[in-house]
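J.: Take a look at this one; I'll ask things after.
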Amino acid sequence: MPMISNVSCTPPSPHDDSLPPVGSGKRRKLAVVLFNLGGPDSPAAIRPFLLNLFKDPAILRVPFFVRPILARIIAKARVKPASENYALLGGKSPLLELTQEQARTLEQALPEFEARCFIAMRYWHPFAHETVREVKDWDPDEIILLPLYPQYSTTTTGSSLTDWREAAAAAGLAKQTFSLCCYHSDRDFASATAALVRKAYDEARNTLPDDVPLRLLFSAHGLPEVIVKKGDPYQFQVERSTAAVLRAMNIPGLDHQICYQSRATPQVWLGPSTEEAIDRAVEDGVAVLVVPIAFVSEHSETLVELDVEYAELAHGKNIKGYFRVPTQNSDPEFIDSLAGLVRRVREHGPGLCSFAGGRVCPRIHRDCPHGEQEDAA
Ligand SMILES: C=CC1=C(C)c2cc3[nH]c(cc4nc(cc5[nH]c(cc1n2)c(C)c5CCC(=O)O)C(CCC(=O)O)=C4C)c(C)c3C=C
Ligand SMILES: [Fe+2]
Ligand SMILES: [Fe+2]
């Protein structure tokens, strides 16, 4: 079931007065809302943060009367390992501060507007209902909803956009709104990402002996397999992102593999897992360069899971080399790609757009939020 309504991406009419007249001196007030998952801001916040996450029907797909109790059980079981991870980061997630920096940088990359970036996190402050009030007080001309998830999943972007719409409706925020569902293989996003991968690749190659092969492990956050089987387009979009980055890198014959990290429940999750991919690299006698392909900011799953847990696992098995590409954070080329997406979404008109305009996902991905008739031009 799609988590957000199928709102079409209407092309702008030549007489559409929602867009500013060319050359008119007045800059439009543009509220850009950045969405991410959020993270605990203190040790005491870890448990309620996890509870919020597992109470989300988009995450825990069980009958509503079982969900609260099951959410409590799973959250309770995760408090200890999650607390150990956050302890390595000073007891909190760095996600909000890094997103605030992205917000300030993106404002500067949109000088033709009076742009102000707001942040709405799904499971910890600032929540959508808090941000909706801030946006309403600022009274923008238009609102752009911009997920910091390049790939669409019902569990992330879908859940965040539903949350925003409900909060906006409850607060009576009725401004013209433009939403982006995904930018998994947007050319500028791929090129910005490829530049970061290329830099880390060259550094890794310079450290390794010439006879040690280097494999790129594109590591994405995992998803329970049942969610994908029901029609979630996330895996398809992760594969498209990987292909787009490889294309932009333009190094023929690069050894690479897609894998999935951060398994959080006992269900069957997408595979191969990043641990399995590391095992295979050890068997094959190759070094690995891990590329986080579904996160655009550093947080516990990159700084602890990739840099500490998987690095220890890999070194414990005498891997030939273990390197990691940093996430985009406020990288100027990445922020420029987001600014380009903001402009394009606006040109496409109010409603929901993909980076390409309309639907890019094949029909089998029924949870793609675009309707049947909305193929990208
Ligand atoms: C069933 C559980 C989960 C699904 C499905 C899931 C999907 C998913 N998550 C991200 C990105 C992030 N996840 C983060 C933390 C996090 N995620 C889960 C569970 C699921 N995620 C948990 C339990 C946690 C908490 C951390 C932990 O207990 O280990 C974070 C933020 C973490 C931080 O440090 O701030 C992000 C970001 C994606 C992209 C995704 C599916 C596509
Ligand atoms: Fe997650
Ligand atoms: Fe789609």
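All positions are counted from 1 along the displayed chain.
Cβ atoms here come from the backbone N, Cα and C positions, even for glycine.
Here's the feature list from TrEMBL:
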type: BINDING; residues: HIS221, GLU301; note: Fe(2+) binding site
type: COMPBIAS; residues: 1-10; note: compositional bias 'Polar residues'
type: REGION; residues: 1-23; note: region 'Disordered'
J.: Given the binding-site residues HIS221, GLU301, which one's Cβ is surrounded by the fewest other Cβ atoms within 10 Å?
T.: GLU301
J.: Provide the three-state secondary structure of GLU301 (Fe(2+) binding site) computed with DSSP.
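T.: The three-state answer is helix.
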J.: Going by DSSP, is HIS221 (Fe(2+) binding site) sitting in a helix, a strand, or coil?
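T.: Strand, per DSSP.
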